[in-house]
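Here's the structure, in structure tokens; my notes come after.
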Amino acid sequence: MNQRGDVAITPEANRPRVAVVGAGPSGLYAVRSLLEAEVEVSVDVFDRLPAPYGLVRYGVAPDNQKMKSVIRVLRNSFDEHNDVRFLGNVSFGDDLTRADLQDCYDAIIYATGTQGERGLGIPGDELPGSYGAKEFVSWYCGHPDAAERDFLLHGPQVAVVGAGNVALDVARLLAKSTDEIAATDVPDRVLETFRNNRITDIHMLSRRGPAQAKFTPIELREMGELINADIIIDPAELELTPDEEKQVAADRRQRKNISLLREWAQRPLEGKPRRVHMRFRRSPVRILGESEIDGVVLERNTLLEDGKVRGTGEFETLDVHMMLAAVGYQAQPLPDVPFDHNTSTIPHKAGRVLNEDGSPEPGEYVAGWAKRGPTGVIGTNKNDAAETVRSLLEDLVERDLDTGRHDRKRVIRLLEQRGVDYIDWAGWLRLDTHETRLGQQQSRPRVKLPDLPSMLQSSRDSEPPR
């Protein structure tokens, strides 16, 4: 019997083998769903970075440690199950190909999330000082891809374009004091940049109105609790049409958002060091400057019945010297894996990857943002992954499995033959301990190592330096 007491243990040599590409929330929730099923499987989880947890580690704002507590759930699959392995610092398409995984595993789950983002696509967007929010988030979260990046927060004014939680995160961190940033897990060099933050005014720009904003009330409420910044909103920008009033009345999230915004619009200013200006129905149409940003031209919008916006021909110029666009993440194609360029997702039916003629690719599945696009919160991935795993398990029953794939050392030999410096779970735990100890020395939750060489070195050290 297995640990649930209801299914006989399958000998390792006969267990189906599953590869999960991506160790973020969607991939690890898929692993949990596999472990909860009444089928004994062996699972290898690959990630191109030495650290697991994906968006939780490299996307959740560093001042939101409560949201990062989901890590305690996600890590259990590795801590408690010998049949689950972590293989980090392995790049899909370079170190291992699709054909390699097809040769070594009975099933593959692609859970790679989104690697790109949408730009503003306006004149001047290429100027120094105009960035995508993902680039900025990767930097302050200590992503190795941003190890050489730095941002000059000399201000005094910056524009953040977008009406979702990422825009809120970016604006909130820019508005916080150095002491508040110092209490987070940002890398040391990021903290040093925030120590020199000279920004006084953050302008949040939304193309649509407040009733169409995608903020979640919990995230929005944090803006009103900033100890270092006043929130400035023109009450006239919160006026709604009769149809919008009905829309808001029928939606609990929107009701809470509008209530908060209206409360702040009436709140007297307290003269705090920074100010967050929340502007609605404004689109940036041109970034000014030659060698650097001198400002941005905004056009006032009106909302159409179909939910789209139309410019009114009324313009204003905002004196800003930095632009951060939080207008949406976007998946990129994986090497040799089907991809729908119209939706920027891997085409699927109930998680089964579909080829060009619409038929399922045997043994290949997708979960998370690569499956549905960049929507939902971290917990959304749980049901999403469960659907994919149900399809996978249904298909396993129907397939004749190749027992030649069931040698767990096969993929390890392949990585070693190619000289891939992969990191296992024990290596990650050494890196995790190192970062935690660095944090303890500074009374912080941890201090992230932001570059690949230092991460790899710490994953090998038997005793992290004190």
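Even glycines carry a Cβ here, placed using N, Cα and C.
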- Task: According to TrEMBL, S26, W369, G376, V377, I378 bind FAD; so which of L49, L55, L334 is the extra one listed there?
- Result: L55
- Note on the structure: As a whole number of Å, the Cα atom of S26 (FAD binding site) is distant from the Cα atom of R207 (NADP(+) binding site) by 30
- Where the distance is taken from Cα to Cα, which of the binding-site residues R207, R208, E219 turns out closest to G376 (FAD binding site)? E219
- Item | Farthest-apart CA atoms of R207, R208, E219, G376, residues recorded for NADP(+), distance in Å | 20
- Query: What kind of secondary structure is L55 (FAD binding site) part of, going by DSSP in three states?
  - Reply: helix
- Message: Could you give me three numbers for the region 'Disordered' (437-466), the DSSP helix, strand and coil residue counts?
- Response: 14 helix, 0 strand, 16 coil
- For FAD, residues beyond S26, L55, W369, G376, V377, I378 with C-beta within 8 angstroms of the site's Cβ centre include exactly G24, P25, G113, G368, P374, G379, T380, N381
- Counting distance between Cα atoms, which of the binding-site residues L55, W369, V377, I378 is nearest R208 (NADP(+) binding site)? V377
